[in-house]
Structure formats: structure tokens, C-alpha cells
Amino acid sequence: MKQKSILAFSGGLDTSVVVKYMQDMHNMDVITVTVDVGQGDDNNKIAKKAKKLGVKKHYNIDAKKEFVTEYIFPAIKANALYQKKYCLATALARPLIAHKVLEIAKKEKVSSLAHGCSGKGNDQVRFDNTLRSGSNLPIIAPIRDMNLDRETELKFANKHGIEIDTVAKKFSIDQNLWGRAIEGGVLENPFNEPPDDAFIWIKTKNLPEKPSYLKIKFVKGVPTEVDGKKLPPVKLIEYINKKAGNNGVGIVDHIEDRVVGIKSREVYETPAAICLIEAHSDLEKMVHTKHETKFKTLVDDEWAWMVYSGLWDDPLRKELDQFIEQSQKRVTGTVKLKLHKGNVRVVGRESKYSLYSHDIATYGKDSTFDQKLAKGFVELWGMQSTEANKF
Ligand code: ARG
């Protein structure tokens, strides 16, 4: 009897090549699992593709809701932006996909776990670590093991009649509800401006002349209503992606440090992530004390770094989550964003837990803030600095 292996399968170039390699080089039966995290792919088409590649069994799992509630919502609470820019779309999806693979691996009693990651990226770190957190089966990663490059893969795919769509030939894409990552091709020269056809979620031409407003209500850090409508989690993200994308909002272009040390040029379309994180962090500043705000920034940064680096299952990530969860108790309120020609700006916020006090802050004559008290405070505040400057 042939050995069985299980593979997280997207139907793209890498994972299709891996199926063939597993069958031909390792003489194994392959079970494929496609986890739908909002890639927007046609799942029937992927299933057909898997069949055509001769897999033993194919699973399709709809994990969109779980992705939003268990991964994206915690990321919003953590204002998670790796290196201040990247919303972690791919990084958040990988542990979820790997956990689903583990569930089926147990059921199917496979003898190894496979993935289609290269040895140059971050996904290998995320997959390997998450898979190891729940299993000690060997991990096979043919692209990494054989040091395959894209051209060799494309040739191999061609030889074996594996179809690859045209965008995938131009760029390397990974997308889900939280964002679309575009890499490779002309983008590998960091000075090249991304061509318009790299973008499919965000309008880059003929943008509306009039601004649009987006009103987001948060309850304990979780977005629950947009523009006055209660929306279920997946719909809420889709709604914002669409509205912000139509106003040209959500393109990120930056140089990113990968876990393995490579600097890469990354282009993202992440309209909902940008709007939600901007709104959420603004609301936090209204309800948190300055001490909470200062400290939470450190926790948020660490959280994003851990998730980026494939440490979703490390105890520290969960411990940080507990702090973050506790910090969201008063993060309830509404934030108003203005979207216009590629820009997003917070233009209003309100909360029943607001620490902003008009009576204290006003420059008008009714202010309850006693300026005279400030004199002594300022003197003591700067006392040591003043002393030190005497030398
Ligand atoms: N740099 C991002 C990350 O490591 C996105 C990677 C996206 N992958 C791709 N094939 N375009 O999470």
C-alpha cells in the first residue's frame, strides 16, 4: 500500500507542482485540503483541478467566519501592522489553514504532512511551526527541499499539463478576506511603480470626485456595525473592502523584512484592514488612559511580530491576547472615516467611555481646568532635566 500524505492545496502553481512531485518522486497518495479564507476562488474549479492531478481525496473547508472572528478580530484589537504597514493577511491565514490540515490528517491517518512553501518565504515558518504544534509527523516541502525556482516550476507545470492562470504568470499573489499580497515580476525592482493591472480590489483610475464616509461601530474592540447597519463578520469585512476600494483606499507598498532575513518589496491591497485599524486605534486613544496607550503600543507591536514570524501557537501570543482582550473593555463607540481619492482620514469619533472632556479641554472661558495648578506641575515635571542641564 502506498503511503498517504496531506497537502494544503490552493490550486496555484506551487501546490499543484507539489501534488505531482509527491506522487511521482515520493510515490505517495496525496490528500488535498483547500481552506476557504475568502480567497474568492471557485472551489469547484479547485476540486476539479485536484481530481485532474489524481489526488486520492479532496476536502474543501469553509473557514471564512472562523478566520474573521478568531484571527482578524484579534488582529484589529491588536492594531496589528507588521513594521507599521502590513496587516498580516497571509500571516493570519496560515495557522488557521495548518490547524484544519491537522484535523483532517488525524482523521485520514496520513504518514506525512506536506506544504508548497519555498525556503525563501515566511509561510514555511508559519506552516512548519503550526503543524509541529499539533503533530510529530514528518513535514515534506518539495519546493524548499529541491530548491525549485519559479521558472523551473512553470516549465514543470507546462510539461505535466498543469494549468496556471495569467495573473499568476505575471505576479505571485496570495489573497484572502483581509488582504491581497502581490509580489514578483516587475515589482522585484523596488523602484518600479506597480502597474495598474496589479490591483483588482482597489480602483486606481476614475475615482469618485465626491468623498464617501464610513461609520464604524465597535463593541469591546470588535466592529459590529457599518454605516448604521449591523453586519455579520464576513459581510462586514467585504462591505468595507468594497467601499474603501472603490475610493482608491488600501494600497500599501513597502520594503519588508522576512523572517529568514531577506528584504522583500511587498505590495498589498488591504482596504478593510487599513480602515478598521485606523478607526480602532483612534477609538482606543479616546477611551484609554495615556498609560494604557503607551504600553499597549508595545504589546501590539510584539503581537504583530509574533504572528508575522509564525509564532501563532507560542504561549506568549496567547498571553499577549489576554492583555489585549482586557484592554478592550471600554473600546466601544463609533468612528467616522472620510474616504477620498485614495486617502482615508478619521474625521470624528464618539464613545460613552470617552476620556475626552470638553469642559476640561475647551479654550473658552467656561473651562474647568485650573491653569494655575499647571505651574507647579510643570516645574516638578522638568526638575531633573533642568538640574542636569546646569552641568
Ligand atoms: N509578505 C507577506 C507575508 O509574508 C505576504 C506573502 C504573500 N505571498 C505571495 N505569494 N504573494 O505574509
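Each Cβ is built from the backbone N, Cα and C atoms, and glycine gets one as well.
Curation does not apply to TrEMBL; its annotations are automatic.
Among the features that TrEMBL reports, ATP binding site is placed at ALA8, PHE9, SER10, GLY11, GLY12, LEU13, ASP14, THR15, SER16, GLY116. Close to ALA8 (ATP binding site) in the fold, though at least 6 residues off in sequence, lie THR15, THR32, VAL33, THR34, VAL35, ILE97, ALA98, LYS100, VAL101, HIS115, GLY116, PHE127, each with a CB less than 8 Å from its CB.
Cβ neighbours of ARG126 (L-citrulline binding site) (same chain, under 8 Å, six or more residues apart in sequence): ALA91, ARG94, PRO95, ALA98, GLY310, TRP312. DSSP assigns ARG126 (L-citrulline binding site) to a helix in the three-state reduction. Among the features that TrEMBL reports, L-citrulline binding site is placed at TYR86, ASN122, ARG126, SER172, GLU256, TYR268.
Residues annotated as L-aspartate binding site in TrEMBL: ASN122, ASP123.
Residues annotated as domain 'Arginosuccinate synthase-like N-terminal' in TrEMBL: 5-163.
Summed and averaged per residue, pLDDT over the domain 'Arginosuccinate synthase C-terminal' (171-386) gives 97. Taken from TrEMBL, the feature domain 'Arginosuccinate synthase C-terminal' applies to 171-386.
Distances between the Cα of GLY12 (ATP binding site) and those of the binding-site residues ASN122, ASP123, SER172, GLU256 are shortest for SER172. Among the binding-site residues listed (SER10, ASP14, SER16, ASP123), ASP14 has its Cα nearest to the Cα of SER172 (L-citrulline binding site). If you measure from the Cα atom of TYR268 (L-citrulline binding site) to that of SER10 (ATP binding site), you get 19 Å. Secondary structure at TYR268 (L-citrulline binding site), as computed by DSSP, is strand.
In sequence order, VAL17, VAL18, VAL19 are the residues of the same chain, not among ALA8, PHE9, SER10, GLY11, GLY12, LEU13, ASP14, THR15, SER16, GLY116, whose CB sits within 8 A of the CB centroid for the ATP site. Around ASP14 (ATP binding site), the same-chain residues six or more apart in sequence whose CB sits under 8 Å from its CB are GLY116, CYS117, SER118, ILE143, GLU153, listed in sequence order. Local packing around the Cβ, expressed as the count of other Cβ atoms within 10 angstroms, is greatest for SER16 among the binding-site residues SER10, SER16, ASN122, SER172.
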